[in-house]
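Q: This is the structure, below, for whatever I ask next.
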Amino acid sequence: MKILSYLLVYRRFLLIVLTPLLLLPLPLIIKTKEAECAYTLFVVAIFWLTEALPLAVSALIPAFMFPLFGIMGSKEVASAYFKDFHLLLIGVICLATSIEKWNFHKRVALRMVMLVGVNPAWLTLGFMVSCAFLSMWLSNTSAAAMVMPIVEAVAQQIIRAETEADALEMPCSNGSINPALELDENIGECESSDWKEKEKQVNGYDNNVGSTVCITEKENEKEREQQNLPPAETGRKSREDKYSGIFKVMCLCVAYSATIGGLTTITGTSTNLIFAEHFNTRYPGCQCINFGSWFILSIPITVIILLLSWVWLQWLFLGFDFKNMFKCGKKKTAREEASAQVIREEYKKLGPMSYPEIVTLVLFILMTLLWFTREPGFIPGWSSLFPKYKGYATDSTTALVIGLLFFIIPAKTFSRTSNGENTVFGYTPLITWKEFQSCMPWEIAILVGGGFALADGCEVSKLSEWVASKLTPLGSLPLWLIILISCLIVTSVTEVASNPATITIFLPILSPLAEAIHVNPLFILIPATLCTSFAFLLPVANPANAIVFSYGHLNVMDMVKAGLGINIIGVAVVMLAIMTWIVPIFDLYTYPSWAPNIPSTNSTGL
């Protein structure tokens, strides 16, 4: 037993040591550049999937292994670690930093929820829409972390309102105190007292955040089940079960909409950015993937998945009561009044829009318009104003210009005192470098750089050509089946590995597959990229799930049941999209001139 406990403790260390040693025969026996590159790829991929080393540390392995194997020079490898993607990421993070610093995200989320009303079904839809909208422009993790405190405040307000309603309805003939009422208040206090501790765990993005559970609540629930409850108390308990279902739906809608919303824009999630950079690097002759084209193909996918997910969560936990949902003039319940009150109070606390919020909104709109109008396709964009430098300006150019303004525009204006004099403030920009650094995901930046280095190594060593030659027999399968298989594989892997690591591993495999079977690479790469974000099953599948799980309203099986349905919905919608409206956007049934013709056979010894 001691040996097993030691192995368990040092399992990561053993994995780090044994993985390179066990794979070492590959380059020693098959002495080709393809085998040496494959060895590096396998080691990095295993470390990424198991997270034995931090993702960014594993991404640095090609930087020293490729020069030692003679695949690429050190300077060539180093240049792969900083691409156009990183400049785009920097500009987007400048915007995200300003939005978070000046609480603009909270105003947007609350306003959207106020628009849809406080009916439980519409309230959850409001949270989903607001969270999805935020995740289009911010990271999925940030969107979930911003909206969940609002959801938790609404949940706590509902608990208090229902407790008060029960106190009025419960007959206490001899003036005694209702013990069940005291029990509910203890539960509310327990959840409230744990909130700050949970928030600290969330900000650290600990994968074990879901371990914090309100023990008192579980014990009290068991005690109530063991008691012989009177009819009034039984009705009250059934209402509690319903409210528990509402809290679960509200939490899950935040976790899932944060991921779904990120699909919409090329900057919405790191997997989209990684795909765009990989595609533009591998196929420089094609300029079809940009902010506008991606938005056009993905917005219907996002809307359909969002609505179907909303219906699925409602049906799974609450049932779907169309009559009550669309009934007009219905009197609001105590729960709905409590929800409306807390949302109004939270919005009132924000006050009128401040000067920094207005500037952030203007820059946000300006950045979005410049992205859409650079090369809209149906009319000449602003990039046509520079005909001598066609293709020089990309989406990262716009992001950097707007991002730079956040460091220049002052955060405060002059204010007049009672005697008419201007009060001078010290010059402070909208964001500072320290604030930017705290939001910048450096781990993702290095991880993506490692993926680009691996892709370059596969090209130089001819490993990608060898893989393509071996995948050629798949061309006998129907195209829809090839796409479905690739979608299901990446969806399964991304549940246990990080999304960026998954897409970084599969893009260099799927690109030569498409070339080998003479299919437009976008036919396979777009659905695979979208499906890589479908990590809905487990709390540790992505940080957004972990954040929501940490609030204690969910258990693992709740997330597995709900996530399995949304995974199926997501893959089905993506398959529908790639076989219908995406086809004419990129003329997918025609093999493009910008894609290489890979020979069907290869004489390597691998």
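Cβ from N, Cα, C; glycine included.
According to TrEMBL, the protein has these features:
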- 12-30: transmembrane segment (TRANSMEM)
- 42-69: transmembrane segment (TRANSMEM)
- 81-99: transmembrane segment (TRANSMEM)
- 119-138: transmembrane segment (TRANSMEM)
- 219-238: region 'Disordered' (REGION)
- 246-274: transmembrane segment (TRANSMEM)
- 294-317: transmembrane segment (TRANSMEM)
- 354-372: transmembrane segment (TRANSMEM)
- 392-409: transmembrane segment (TRANSMEM)
- 479-510: transmembrane segment (TRANSMEM)
- 522-541: transmembrane segment (TRANSMEM)
- 562-586: transmembrane segment (TRANSMEM)
Q: Can at least 3 Cβ pairs under 8 A be found between the transmembrane segment (354-372) and the transmembrane segment (81-99), with each pair 6 or more apart in sequence?
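A: Per Cβ check, the transmembrane segment (354-372) touches the transmembrane segment (81-99).
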Q: Taking residues 6+ outside the transmembrane segment (81-99), which of them lie with a CB under 8 Å of any CB in it?
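A: Residues packing against the transmembrane segment (81-99) from afar: 63, 105, 137-139, 142, 267, 273-274, 276-277, 280-281, 356, 360, 363-364, 367, 394-396, 398-404, 406-407, 430-431, 435-436, 438-441, 444-446, 448-450, 452-453.
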Q: Of the listed stretches (119-138, 246-274, 479-510, 522-541), which one yields the highest count of Cβ-Cβ distances below 8 Å with the transmembrane segment (42-69)?
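A: Ranking 119-138, 246-274, 479-510, 522-541 by Cβ pairs under 8 Å to the transmembrane segment (42-69) puts 479-510 first.
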Q: For the transmembrane segment (479-510) and the transmembrane segment (522-541), does the number of C-beta pairs under 8 Å, pairs 6 or more apart in sequence, reach 3 or more?
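A: In this chain the transmembrane segment (479-510) contacts the transmembrane segment (522-541) - 3 or more Cβ pairs sit under 8 Å.
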Q: What parts of the chain pack near the transmembrane segment (246-274), using Cβ distances under 8 Å and only residues at least 6 beyond its ends?
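A: Answer is 85, 88-89, 92, 120, 123-125, 127-129, 131-137, 139-141, 143-144, 147-148, 151, 154-155, 158, 289-291, 294-295, 298-299, 301-302, 305-306, 309-310, 313-314, 317-318, 335, 395, 399, 441, 444, 448, 451, 499-500, 502-504, 507, 529-530, 532-536, 542, 544-545, 547-549, 551, 553-554, 558-559, 562-563, 566, 570.
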Q: When you scan the chain for residues with a C-beta under 8 Å from the transmembrane segment (294-317), skipping those not six or more beyond its ends, what do you find?
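A: Result: 121, 124-125, 128-129, 132, 245-246, 248-249, 252-253, 256-257, 260-261, 263-266, 272, 276, 372, 526, 530, 561-562, 565-566, 569-570, 573-574, 577, 581-582, 585.
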Q: If we skip the immediate neighbours and take only residues 6+ beyond the ends of the transmembrane segment (119-138), which ones have a Cβ under 8 Å from one of its Cβ atoms?
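A: Counting only partners 6 or more residues beyond its ends, the transmembrane segment (119-138) has Cβ contacts under 8 Å with 92, 95-96, 99-100, 105, 108-113, 144, 146-147, 150-151, 154, 246, 249-250, 253-254, 256-262, 264-265, 267-269, 302, 306, 309-310, 313-314, 318, 320-321, 324-325, 335-336, 339, 364.
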Q: Cβ under 8 Å to the transmembrane segment (392-409), counting only same-chain residues 6 or more beyond its ends: which ones?
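A: For the transmembrane segment (392-409), the sequence-distant neighbours (Cβ-Cβ under 8 Å, at least 6 residues beyond its ends) are 84-85, 87-88, 90-95, 97-98, 266-267, 290-291, 359, 363, 366-367, 370-371, 374, 383, 386, 429-433.
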